[in-house]
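Feature annotations, courtesy of TrEMBL:
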TRANSMEM  B:21-43  transmembrane segment
TRANSMEM  B:49-70  transmembrane segment
TRANSMEM  B:77-95  transmembrane segment
TRANSMEM  B:101-119  transmembrane segment
TRANSMEM  B:131-152  transmembrane segment
TRANSMEM  B:172-190  transmembrane segment
TRANSMEM  B:223-243  transmembrane segment
TRANSMEM  B:249-269  transmembrane segment
TRANSMEM  B:276-297  transmembrane segment
TRANSMEM  B:303-325  transmembrane segment
Amino acid sequence: MVFTRTCFRAFTFSVALMASGLAHAEDVRTIKIAFSVDVLDDTQNAATQAMHKRVDELNASRKDVKIEFDVYDAQGSVDKQISDVQTALIKQPNVLIFSAVDSVGSLPAMQAAKDAGVPILDRRPTSPVSDLTTVAFYSSDENRYSKATTEWIKGYLKAHPDSVLKIGAIYGAPAQTAQLLRIDAIKALAAEMPDRIQFVAEGYGNWLTATAQNLSQDWLLAYPDINYIATANDIMALGVSNTLISAGRKDILVSGYDLTPDGVQRVKDGTQSLTIGTSIADNGKTIDVALGIVDGSFKDKTYYLDPVYAVDAGNVDDFLAGKIK
Amino acid sequence: MTNLTGSAEHGGIAALRRVLLLNKAVLFALILAVVLSVASPYFLLQQNIVALLEQIVVMTIVALGYTLVLATGEIDLSVGGMIALIGFVIAKLMTTYGVPVPVAIIAGMALGAACGALNATMVSRFGLPSFIVTLATGALFTGILYILSNLVPVSNLPPGFLAISRTKIGPIPLPVILLVPVVIGFYVVATKTVFGQHVIALGGNPEAVRVAGINITRLRLKVFMIAGACYAVAAVLLTARSASAQIGAGSNLLLIVITAVVIGGTPLLGGKANMIGTLFGCLILGMISNGMNLLGVNANYQIAVQGLLILFALVLDIESTKLLLRLDKRSMLRRRQAGAL
Amino acid sequence: MTTAPLVELENISKAFGGVQAVDNVSLTVSPGEVIGLLGHNGAGKSTLIRILSGAHTADSGRILVGGTEATITSPKDAKAIGIETIYQTLALADNLDAVSNLFLGRERRRFGIFNDRRTMVRETTEICAQINPRFTNLQTPVRNLSGGQRQTIAIARAVYFNARVLIMDEPTAALGPGETAMVKDLIQQLKSKGVGIILISHDIEDVFDLADRMVVMAGGRVVGRLNTHEATREQVLSLIIMGAETKPNPAAARP
């Protein structure tokens with residue numbers, strides 16, 4: 001009898017253990033996040049790293065969820081991106097983070113996700129935002145970049161009441177129209193204050209250091225009064241800064257975008273005047289938004305990555321020390 | 001007697017026409033220089049000439065090696081990937097591993113030669129067209145670069161390395177001076193050596209070269225390895241000039257270099273290696289870009305002009321070859337008639 | 001003829017995939033002798049001469065040169081022992097001139113790496129003057145030359161490098177009557193100098209004019225060996241076409 005009772009106790013105990021084990025397993029929810037990235041270039045790669053880091057942090061700190069994060073690199077091919085998303089959907093993700101190779105060409109990929117009932121966090125939203133998009137995520141918002149640029153220029157002109165900016169503008173690649181806004185905002189400002197800002201030259205640097213370097217070298221000769229070369233990213237700003245170093249010119253402003261570590265370092269060294277952008281490290285927030293979509297806590301249609309920094313000689317030390325937030 | 005002098009004079013004009021057609025790049029470059037010096041007051045400034053030369057050094061060194069490749073009738077699409085990879089490896093060796101500058105440069109050249117050897121071996125061993133092989137290896141090189149670099153450029157290069165592009169002798173930057181012996185070297189190789197002769201013959205008729213007992217596999221290997229070493233030198237200069245190894249470095253070079261070589265008179269199908277033409281082809285492309293910048297030509301027009309120029313070069317290549325053939329035929333006919341008399 | 005053969009091919013066989021291109025073929029060439037090698041396309045003539053010239057290697061059989069066994073694995077080996085080949089295509093690089101073509105692969109060098117162009121021009125001029133005095137366009141690309149002039153270069157190459165055995169594949173196929181006569185004359189000259197010649201031709205009249213002996217191949221085998229002065233055109237044609245003689249004439253065949 002004693003034996004049976006003990007047996008029974010042991011039995012109930014083990015059942016309880018099993019049940020609690022099951023309950024525990026149910027508590028930890030697995031959330032699958034798929035990320036289809038257009039091309040893992042310099043910036044996208046850094047952003048992806050930040051997301052990985054955030055996933056690791058969350059997996060370590062939150063006991064109730066286990067995040068699985070898969071990245072698919074479309075390598076700049078629309079076709080591959082469509083296949084990538086097909087593959088990703090087979091694993092039934094809870095949310096798809098999407099960065100389109102081409103806003104039109106990549107639509108079938110988004111449609112497939114929508115049809116599968118997977119919400120889409122769109123990291124390269126079109127304008128207007130596609131119906132297929134659940135949340136439009138702006139990591140580099142051209143409008144706010146433009147605003148930060150014009151604010152900085154206004155501040156500069158206020159601090160230098162006698163100076164007139166003679167600008168040479170270096171765009172990226174001609175086919176990518178969104179980035180043209182960055183410089184267009186300066187143009188709009190020039191139209192407002194023609195006596196303070198004038199455009200003297202424009203060219204394409206094709207996002208290449210060497211090309212921007214040649215272009216700015218030629219400009220120094222052709223436009224001796226040029227005093228500000230605005231480039232569409234830090235990679236091209238490096239080319240301009242190289243030109244200025246070898247020409248021994250320290251009187252010319254150089255600006256770039258993206259807040260790359262090299263760009264920020266050049267601002268610190270004084271060979272670049274300004275770099276504007278969101279911090280790549282902040283891209284980990286994509287994961288938080290994605291989780292918010294999955295658990296219903298994020299209800300907005302858009303998300304702007306905050307903040308947009310304008311790093312110049314005045315605040316670069318604080319920025320590097322992590323004091324600017 | 002009178003007849004003889006008459007035909008000699010005629011021959012003189014035909015010869016001149018031949019020389020001009022064979023050196024159309026030189027002629028074109030001269031015309032362009034005259035036009036630009038009239039159009040822009042800055043063009044002839046010493047400072048601009050120096051800048052122009054500085055801007056074409058990388059392109060020219062790549063193009064000289066490329067001329068050998070095209071002369072054999074092959075093509076190399078891996079040049080962009082190779083340059084970026086080599087630039088990265090050199091920079092990484094110097095910064096992360098503290099390898100001395102000259103050692104890193106030699107390692108880069110060895111890597112370039114090895115990449116070239118891979119291309120040549122794939123072509124020879126498996127009988128694949130170089131077009132396909134180098135398309136694939138180019139992707140391979142780029143992929144390896146992405147894996148190794150994680151797409152992060154390398155900066156903070158040692159001052160000794162940056163000095164390569166920043167040192168000036170008088171007003172002339174070191175790379176421009178370096179270009180002179182390289183051009184002469186390639187000119188001598190192409191025109192005076194047995195190797196150059198075999199390269200050109202290979203582009204003319206591979207079967208003839210094979211039955212002549214020349215080892216084509218080894219010949220091709222040498223050509224691609226020399227080209228790879230050239231790309232490595234270009235990668236060194238580009239990295240030094242950019243003061244950093246950029247992931248996208250050299251990605252624009254392929255089309256530019258092919259255009260320059262073809263304008264220079266080395267046909268796409270091989271059988272000729274005009275090194276001086278290649279130099280002038282690069283000068284032409286450099287002048288067009290520099291000139292349009294000086295003249296403030298709208299950036300969108302610059303792209304169209306470059307496209308037109310490439311088409312023009314290709315048409316000129318075909319047409320001048322035909323014209324040369326016609327001229328040769330005619331003079332041959334005259335000689336035969338003269339012989340018959 | 002008591003002279004020892006220059007070259008002896010013994011029981012040569014070569015298969016490509018399942019096809020026996022050359023099947024147990026033997027052939028000898030003596031100094032000053034012209035052998036006419038006849039047969040349809042695909043009879044195995046080309047494969048046989050490619051084996052002798054080093055472009056292919058035989059599966060079995062051996063090659064004796066001057067009585068001793070020779071290993072020929074590349075065109076270079078064949079040239080080194082004095083076997084020169086003039087291909088039907090002539091194997092000239094069209095973009096190079098006569099001088100460069102004549103010396104292709106065997107350039108006169110200075111300091112080991114440089115072309116000794118001056119010497120090569122001089123020697124080309126000399127050799128071409130002997131062979132075809134009217135051919136003087138030595139420094140224009142050969143693509144601009146006539147068929148006879150191109151043939152002159154190919155022959156000059158063989159003469160200059162002291163060919164002991166010369167293989168000629170369809171030497172007159174692309175030539176006009178005047179040029180054909182010139183090439184025939186050249187073959188007679190070489191023959192008188194003691195060069196052994198293997199002549200492949202579709203033109204049976206050429207072969208009857210030039211050859212001392214004829215060897216007819218069909219289906220990779222030798223189907224007939226004839227002495228020219230004993231042979232009739234009907235006999236040869238039926239060997240080529242039927243692979244056998246309508247009227248067997250064993251007395252004419254030599255082993």
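Every residue, even glycine, has its Cβ placed from backbone N, Cα and C.
It should be emphasised that the depicted structure is a prediction, and the values quoted were computed from it without experimental measurement.
The list of residues near the transmembrane segment (B:131-152) in space but at least 6 beyond its ends in sequence, with Cβ under 8 angstroms from a Cβ of it, reads 75-82, 84-85, 88-89, 92, 115, 118-119, 122-123, 247. Contact check: the transmembrane segment (B:303-325) against the transmembrane segment (B:21-43) gives at least three Cβ pairs closer than 8 Å, residues 6 or more apart, which meets the contact criterion. Taking pairs at least six residues apart, the transmembrane segment (B:21-43) and the transmembrane segment (B:172-190) share fewer than three Cβ pairs below 8 Å and do not count as touching. Same-chain residues lying 6 or more positions outside the transmembrane segment (B:101-119) and placing a CB less than 8 Å from one of its CB atoms are 76, 78, 82, 85-87, 89-90, 93-94, 130, 133-134, 137, 141, 158, 160-161, 221, 224-233, 235-236. Residues 62, 66, 101, 103-105, 107-108, 111-112, 115, 119, 131, 134-135, 137-142, 144-145, 148-149, 154, 156-158, 161, 228, 231-232, 234-236, 238-239, 244-254, 257 of the same chain sit 6 or more residues outside the transmembrane segment (B:77-95) yet have a Cβ under 8 Å from a Cβ within it. Distant neighbours of the transmembrane segment (B:249-269): 22-25, 28, 58-60, 62-63, 66-67, 70-71, 73, 75, 77, 79-80, 82-84, 87, 203, 231, 234-235, 238-239, 242, 276-282, 284-285, 309-310, 313-314, 316-317, 320-321; these residues of the same chain sit at least 6 beyond its ends, with a Cβ under 8 Å from one of its Cβ atoms.
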